[in-house]
Structure formats: structure tokens, C-alpha cells
Amino acid sequence: MCKKNILSNIKKKKINLLNFNLKKMINFFIKIGEKKFRAIQITDWIYKKQNIKFDQMSNLNFFLKKKLNNIAVIKIPKCIKKIKSIDGTIKWKFLCNKEFIETIYIPEKKRATLCISSQVGCQLKCNFCATGQLGYKRNLLVSEIIGQIWYVINKIKKYNSKKKNFPPIKNIVMMGMGEPLLNLKNIIIAIDIILGNYGFNFSKNKVTLSTSGIVPAINKIAGKIDISLAVSLHASNNTIRNKIMPINKIYNIQLLLESIKNYLKKSSANKGIVTIEYVMLSKINDFQHHAIELSNLLKNIPCKINLIPWNPIKNSSYICSSSKNIINFANFLRKKGFIVIIRKNRGSDIQAACGQLIA
């Protein structure tokens, strides 16, 4: 296709450059008759200088600025609401093409974690999760995934320029709305931008993808994406997992554990350790025999276990395990040699905690 036809096609709908990693950005600039170094300049402006306005990019000439303004845009999701928890957690609500998503900023003393969404809603229907109750609407575009990070980083810098003390984002977790591995194509591109020197330049050890267990996708990314992996297990046997996580009827625990082993063989992120997530549900999965089953399941898998006190959601009959039961569960696993963390409850007063996102 000649350059003229490409430009005429592009004019019909402006292309959002935030959907491109560096490779795709280079291809775009070559197709419109520009040198590939222009792609490096643009990504530098977007991610290093936090500027998305072509007219303010001082190393672009007048004619290139005019061309880009005619055919392209750098567009992030529109933030329509910000809510702050009593514990400092912040929830941002974004408008993405008439749909809503949520992003969570979780500050500690010297660093913060950003929890981002990958889909509008979720099709997995885990019955202890508000997002699962919402149902699935669509996958997020790369620009909508990356835009969450760009927006919050930009906001934190602005807050701190006014002498407000917001710790910088050091960790990215894909634990927001949706199942990342069911939006695999866009997630792969987004991860490239998150890790790339040209992009946000996060360490692979500081980026975590959380999955409910899409076994073929875990096997597919093994050796191709080297970031920390977290797996939402939430049960010690198939009977319980079938009831609370319908995906288990397709990919059961045994298949899931094999895919985890395969991933870890090909990953060096997080020292080759997977994070196992386990929501604590009273009288469902929190008895000692469940802890025994869990320890037997995981004895040959390098892992740390996150025990997650269940956060209340509407239209659910579940009850969170008592603090005593959670501590006893954790101590049993620790005696078996596991690293166990009881996750802190952050942002539950603004429905920003694990399992509460519903936009």
C-alpha cells in the first residue's frame, strides 16, 4: 500500500499511538514516510517526559507536528472520579469508550503499588468477587491498560510538585477488573511497554500478572513473558474450586499446577517463585484439613502463599474467616515450610479492596 493510501485511511479515524509498543511505533512512522528515530522521540515524550501533546514536543519539526495532529492522537482514558480511603488507598474511576473501569493506588511508606484492570468486567464469574458478578463487557485496549499507569504516575508527580507526600509507584499488579490472560494479545504489548527501557522501565520483579488459571495461556506465555506470576487458587480441592470458581470445571487444579511448573521452569522473575492467592471464606475453605490439602498440593512448587481475608460484596452470603482461623491456617502452612503472608485489608471502605471492583 502506498504512503498516500495509508495516510488517507488513517485520516478516517485518528490512530491512538498509546496502543503501540516501540516496534509498532517504528512501523507506524516508517509507513507515514518518517525515519524510525521519530518513534524513539515520541516514546521518550510519552513515557519519560510525560507529555502527550504533539505541539509541545520541541524536537519535532512543524510539518511533522501538523501531520501527526491530522492522523494521530495520544489519548488516555478519562478520569471521572477519584475516591480516597481512610488508609490512604486511592481509587480512580475511568471512562473508556462509554464503559467504566477502576484503578487502585496503594501507598506504603516509601513506595506504592498500582493495581490495574485488563477488561471491562470479567467472564469468569467467581462467585465471591464483585467483578465476576458484573459480567463481561469487553477487553481493554493497550491504550486503556497503559493509560491507567500513565495517568496515575502523572498525577502523583503533580501532587508531589505541590509538596504532597505521595510515594512513587514501584510495583504494577494486574489484579484489577478482568482476567488478563483472556486479553492476551493486548496484555503482551502492554507488558512490553511497562518493562521496556523506552517505556515505563519497571523491573520484571516488580510487575505481577494475576490469573484465575487459564492453563493454555499460562503455557503460551511461558518463556515469552518473564514477570512475576500470581495464581488465584482459592481452594485446596476441585470440589470446592468448582463451586466458587467455574473456570475450574475447564482447567482443574492438577492442570493448573502443571502449567505453573512449566511457567516457573522458563522464568527468572521473582526468583522463580509463584504467588498463590487464597481467599479466606468461613466454613468453606478455612478448616485445618484444607490447610493440609493445600500443603500437599503445593509441596513441590516454589511458591509463597497470600492469604486474603474476604472483602464483603453485595448479594453474597459468604463470610470472611475469623482472624483466629486465618492466623491458625497461616501458622500451619508456615510449619510446613511455606512463606505465608496475610494480606492487609486496604481500601475496603471505598470498595477498592480485592474482589470489590465493580466500577
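Even glycines carry a Cβ here, placed using N, Cα and C.
Features as listed in Swiss-Prot:
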- Glu102: active site, proton acceptor (ACT_SITE)
- Cys115-Cys354: disulfide bond (DISULFID)
- Cys122, Cys126, Cys129: [4Fe-4S] cluster binding site (BINDING)
- Gly178, Glu179, Ser210, Ser232, Leu233, His234, Asn311: S-adenosyl-L-methionine binding site (BINDING)
- Cys354: active site, S-methylcysteine intermediate (ACT_SITE)
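All features noted in Swiss-Prot, drawn onto the structure.
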{"residue": "Glu102", "record": "active site, proton acceptor", "Cβ contacts under 8 Å, 6 or more apart": "Lys91, Trp92, Lys93, Phe94, Ser117, Gly176, Met177, Ala352, Leu357, Ile358, Ala359"}
{"residue": "Cys122", "record": "[4Fe-4S] cluster binding site", "Cβ contacts under 8 Å, 6 or more apart": "Cys129, Thr131, Gly132, Leu134, Gly135, Tyr136, Met177, Gly178, Glu179"}
{"residue": "Cys126", "record": "[4Fe-4S] cluster binding site", "Cβ contacts under 8 Å, 6 or more apart": "Gly132, Ser212, Ser232, His234, Ile244, Met245, Pro246, Ile247"}
{"residue": "Ser210", "record": "S-adenosyl-L-methionine binding site", "Cβ contacts under 8 Å, 6 or more apart": "Val173, Met174, Met175, Pro180, Ala230, Val231, Ser232, Thr275, Glu277"}
{"residue": "Leu233", "record": "S-adenosyl-L-methionine binding site", "Cβ contacts under 8 Å, 6 or more apart": "Gly213, Arg241, Ile253, Leu256, Ile276, Glu277, Tyr278, Leu294"}
{"residue": "Asn311", "record": "S-adenosyl-L-methionine binding site", "Cβ contacts under 8 Å, 6 or more apart": "Cys320, Asn345, Ser348, Ala353, Cys354, Gly355, Gln356"}
Counting every protein chain shown, other Cβ atoms within 10 Å of the Cβ of Ser232 (S-adenosyl-L-methionine binding site) number 27
On the Cα atoms of Gly178, Glu179, Ser210, Ser232, Leu233, His234, Asn311, which are listed as binding S-adenosyl-L-methionine, what is the maximum pairwise distance in Å? 19
If one looks at the chain holding Cys115 (disulfide bond), which residues at least 6 apart in sequence have a CB under 8 angstroms from its CB? Thr103, Ile104, Tyr105, Ile106, Val173, Met174, Met175, Gly176
Taking the Cβ of Cys354 (disulfide bond) as the centre, count every other Cβ atom within 10 Å, in any protein chain shown. 24
Starting from the Cβ of Cys129 ([4Fe-4S] cluster binding site), draw a 10 Å sphere and report how many other Cβ atoms land inside it. 27
Around the Cβ of Gly178 (S-adenosyl-L-methionine binding site), other Cβ atoms found within 10 Å total 29
How many other Cβ atoms sit within 10 Å of the Cβ of His234 (S-adenosyl-L-methionine binding site)? 25
Excluding Cys122, Cys126, Cys129 themselves, which residues in that chain have a Cβ inside 8 Å of the centre of the Cβ atoms defining the [4Fe-4S] cluster site? Leu124, Lys125, Asn127, Phe128, Ala130, Thr131, Gly132, Gln133, Ser212, Gly355
